[in-house]
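Following: one structure in structure tokens, then a few remarks.
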Amino acid sequence: MKQITFINYLQSPSNIHQAKFDWKYFLLFVIAYFFLVMPMGAIIGLLSKVFNITNSLKQMELNFFKVVVIAPLLEESLFRLLLRPKLKNLITYSIISIVFISYLFCTEKDVIAFVLLGIQLLVLILLYKREEYLRKFYRVYLRRFTYFFYFSVIMFGMVHLTNFKYPELSIWIVLFSPLLVLPQLFMGSMLGFIRMRWGFIYCILFHATINGIAYTLSAI
């Protein structure tokens, strides 16, 4: 069986069978991420100076547990779990999503909350009418998997736009905003591949590893 590489997979994402976990490939992914993200950091720094954008994360008190345990568990559950829409995954997503949506409304992050609320309503319909709709949805999911995959990547990036504070919202900031979350878009693509290739646990592990290294380096 021909091995599916990350680059090939991104050209045409599909519902592939899980393979045996490969530590060497995993570590290569970690190294590749930081190697490619460094020039992205320069772009973000330039945009921040031009548009007077500040990173609100630097003003928050983040501890190791939140960054390395809570964030990967929450974000992977919201953005990667449903890439395999099994019944248990739908139920787990519903529980976590309801809690997170409530938090977003409380913190006035309404746009993201409404998008996630729309997804949650679809999930609840599938759960309520699972015998009638779940099989139909799964057929659509298989045919349109590429769209589901990249939707999860884009949503992951959009959520991280809330990490920044903007002096005023202009058309230029909107146009350049995807560049602010280039690392997250790239990371979301890697996490999506890892989730489909090795399973949900390993995409959480990768996310936790990246966050842990970044947190440690920022503390030095």
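Backbone N, Cα and C atoms are what each Cβ position is placed from, and that goes for glycine too.
Just so you know, TrEMBL annotations are computer predictions that nobody has curated.
In TrEMBL this protein carries:
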TRANSMEM  25-44  transmembrane segment
TRANSMEM  64-83  transmembrane segment
TRANSMEM  90-105  transmembrane segment
TRANSMEM  111-128  transmembrane segment
TRANSMEM  140-163  transmembrane segment
DOMAIN    143-212  domain 'CAAX prenyl protease 2/Lysostaphin resistance protein A-like'
TRANSMEM  169-187  transmembrane segment
TRANSMEM  199-217  transmembrane segment
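Sequence-remote contacts of a segment are chain residues at least 6 beyond its ends whose Cβ falls under 8 Å from one of its Cβ atoms, and for the transmembrane segment (64-83) they are 89-90, 92-93, 96-97, 100, 116, 123, 148-149, 152, 155-156, 159, 188, 191-192, 195-196, 200, 203-204, 207-208, 211-212, 214-215. Highest Cβ contact count with the transmembrane segment (25-44) among the listed stretches 140-163, 169-187, 199-217 falls to 169-187 (criterion: pairs under 8 Å).
When averaged over the domain 'CAAX prenyl protease 2/Lysostaphin resistance protein A-like' (143-212), pLDDT in the model lands at 92.
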